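Q: One structure, as structure tokens, below. Some questions next.
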Amino acid sequence: MDDAPQGKNSTNGFDHTNAPPVPEGISRDTMDFLPFALVIADAQLPDLPLVYVNRAFERITGFNREFVIGKNCRFLQGNDTNPADRQLIREALESGREITVDILNYRADGEPFVNRLLISPLRDGDTVTHFLGIQSEHPTDSAFAERAARLDEQLREVQHRVKNHLSLLLSLIRLESRRTTDTKDSLGVLANRVEALNMLYDEFSRSGSEGKGSIALGAYVSRVCSALNMIDGHREVRMNLETDEVRATLNSASQVGLLVSELLTNALQHGFAQDEAGEVAVRLWRDDSGDHACLQVADNGRGIPEDIDWPNTGNLGARIVRDLTTRISGTFAVETGGDGTTVTITIPLSALGSQQADA
């Protein structure tokens, strides 16, 4: 059994110049400032050495990245770490499957803490290239047991969404890299997708316990639009937002957020020339039946070319729109011409996981 860690902030002799890179295309700055501890281990090297840890990991554990890069993550374990938990992790890594486990770990100063750890394999085709670890400190104070149980359930769902999004991003990066040499545009689209995920975490934190596991979808959509408008930098394009009160589960909210990201990015990048003035309107409302929510992104730009049946044909973003719409049981309608493009997606409120309006 491993000893409790001591003297953990010295360098480890790992050759950083030859270290395997963080998976291609994901910005280190983006991952550094995510609001949860994230680590990546190289599955192609002996003993699965860490090749990346973010700032939240350093803050929670007290270990700096210079010490941990090149080491197996078992240095967090100690004398009282349950051997059964260690065996569960070992078996999951050997078989290349996902696992979530609560395990006793130790900070750099020797203080123990319960770590809720999600480990998921990242694949290139059939080959596991990396393991992604998402970590959070698990509350143990019995006075907060009920609240902790509720938050833990929400956190598990969010962790799974993060894992799924990062896996999706890795797949999209690989596909994009094979299709285009325009690195700047590709990374810009990627940044928008990650920003939509970041806004979900922010809105989740704002909702707190009163949200009971749901998100104020109108507020979330508004924050995503505002953030992406700033990122894309189309200063001459004015954005109008209009949202009704709709609640959604974390799962469905994440899919709506990505939909907004794809539709808005498409409108800003393809609807207008650089420095061209224009307008984009984003609306979220309940239909007259009260059974559906409607998401609409409309621009007064140049319209979709006649030879493109978007989103049935088109680029990778079109494929994402089709897939996300299907996942939330939605239907879409597209109107386009010389006066712009309007995309309307109709979603059953039951698919959003809540029939209740925001308070």
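Including glycine, each Cβ sits where the backbone N, Cα and C put it.
Quick paste from TrEMBL:
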{"type": "DOMAIN", "residues": "28-96", "note": "domain 'PAS'"}
{"type": "DOMAIN", "residues": "157-351", "note": "domain 'Histidine kinase'"}
{"type": "REGION", "residues": "1-25", "note": "region 'Disordered'"}
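I'd like these features described in context: how deep, what's nearby, how far apart.
A: Confidence in the domain 'Histidine kinase' (157-351), given as mean pLDDT, stands at 77.
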Q: Please list the DSSP helix, strand and coil residue counts for the domain 'PAS' (28-96).
A: 33 helix, 10 strand, 26 coil
